[in-house]
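Chemist: Could you have a look at this structure, given as structure tokens, before my questions?
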């Protein structure tokens, strides 16, 4: 968690900037597919700054360096950045955004450089306008300068084999999905859709890969028109069964040829437009609002391209019945694994007085999970955190630099797994000793927020932006809050963080209404820096519900929870719960016992633990 000395790396980067007449250089977190989680070879921001969090942007001028990140990572960034760096806390009053800070450095006609494959076209336009106001200019630098600094030490690009995702789990064939997409393209009168998001490609073709840790995706692009379906992928990644499965319905092309083909398509669209009557609007290619600037430029820019919220993202977010049933099933197995783990951990720490560190514990959890049906791997790096480490929202325990678990302190475990039938993400906060009154109060207020989301009933058209305050209301009444969203979309054996829906104050969460079939996390928290952290997280699925009345004749929605792991009885202060909330807790625990106790018929330790933790409060 401690800082590394970035002085030499920054010095070399500044030499390269000087050679290319670039005064300020931007290093985003994302890869060329705008992935949140990336392969090791794409960890450029981490390499140049030393900050390992999943979100952030580094900016380097000739004399300064800044790292911008959000509230999940303030503590972590403060610990990991050396004295070469300024921390820009996103969302803090009187703190500039990274775009504003960049523009300040560009005053007086300076040039700001960025790899155009690592920034979206819309972000590039907005940034260019911001920089222009200060007299600077934005330049797309085709050769990535951090890669040149990294040199031969940069990890190789992964090239793992791709596998079929069976129809029993996908619930819909890739032919049906492409047919649905073509209907959307027809509605928009578009020439085709150029797809760059990796999870969208995996979902569309019912394929899964292993190129990015914890995310079952593979490096590829795709172009879908009314008559063609082209998949751009290195062919050695495709076993014979995958090629046979795709058959003649999909043309395979080299991954590296996407930009040349995009240029040809763009030129063809332009020529066609020039030759047609001006009264008829030209057909444009659709790209996602999250597609790269370089892809937009290859297609000919705004005259040939329309940027839209991807229709695949919208379709993928509404799970079909097979996917929903898979989510229910995998969360029962995952809940059983977590109960076995927590029972084991308590026994080791309290009864056996075993000395365990945070990584020892998380390794055991992975071992337990791996025994369950359809297990593939973890869905993210487990957060196993004791005491003050639990206050670091996205804490990462390193094997050689982690804490011994203190049975007299709060223990927070945020973990998830990839199963063939679904993706899990569960957080539980426990205490193996005697919690303080403040710890119990904080836990119970967080629990009330979780229940408020879980039991919410709302009209069709309601967004996650509107629901976010439901989870915070009890903390707010005490003058408390948390610096992260309340929930994110979850993929079906895909990325654990999935758009476009979620619960929070992000602009995107105000743009898309929650719909039946959405799978979302419900994870309020509270963190006291240097002391303790609390988070409780369940996965919930949106569904239509019956109401006594139906104002406006709209459908009304609610949620179904699928996470099957007990809450920590010891941390609940029942006097802070209403009768309805107590009933919710008791009903939830009864459901957990009924669905998971069968796994422990020959495991007395876990069965006894589960029985105790699911007793009525």
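Quick reminder: no glycine exception, Cβ is built from N, Cα and C everywhere.
The annotation Mn(2+) 2 binding site is assigned in Swiss-Prot to 414, 425, 537 on the grounds of similarity to another entry. Annotated Mn(2+) 1 binding site per Swiss-Prot: 425, 523, 537, in sequence order.
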Chemist: Where does residue 414 (Mn(2+) 2 binding site) sit by DSSP, helix, strand or coil?
Modeler: strand
Chemist: Determine, for the Mn(2+) 1 site, the additional residues of the same chain whose CB lies within 8 Å of the mean position of the CB atoms of 425, 523, 537; present them in sequence order.
Modeler: 414, 416, 426, 427, 487, 521, 522, 535, 536, 538, 539
Chemist: Taking 10 A as the limit, how many CB atoms besides its own sit near the CB of residue 537 (Mn(2+) 2 binding site)?
Modeler: 22
Chemist: Cβ within 8 Å of the Mn(2+) 2 site centroid (414, 425, 537 excluded): which residues?
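Modeler: Those within range, site residues removed, are 383, 415, 416, 426, 427, 521, 523, 535.
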Chemist: Below 8 Å Cβ to Cβ and six or more residues apart, same chain only. Which residues does that give for residue 414 (Mn(2+) 2 binding site)?
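Modeler: The list for residue 414 (Mn(2+) 2 binding site) reads 382, 383, 425, 426, 427, 535, 537, given in order along the sequence.
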Chemist: Count the other Cβ atoms sitting within 10 Å of the Cβ of residue 425 (Mn(2+) 2 binding site), across every protein chain shown.
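Modeler: A 10 Å sphere around the Cβ of residue 425 (Mn(2+) 2 binding site) contains 24 other Cβ atoms.
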Chemist: Far apart in sequence but close in space: which same-chain residues, 6 or more away, have a Cβ under 8 Å from residue 523 (Mn(2+) 1 binding site)?
Modeler: 427, 450, 486, 487, 535, 536, 537, 538
Chemist: Which of the three DSSP states, helix, strand or coil, fits residue 537 (Mn(2+) 2 binding site)?
Modeler: strand
Chemist: Could you check what DSSP calls residue 523 (Mn(2+) 1 binding site) once collapsed to helix, strand or coil?
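Modeler: DSSP assigns residue 523 (Mn(2+) 1 binding site) to coil.
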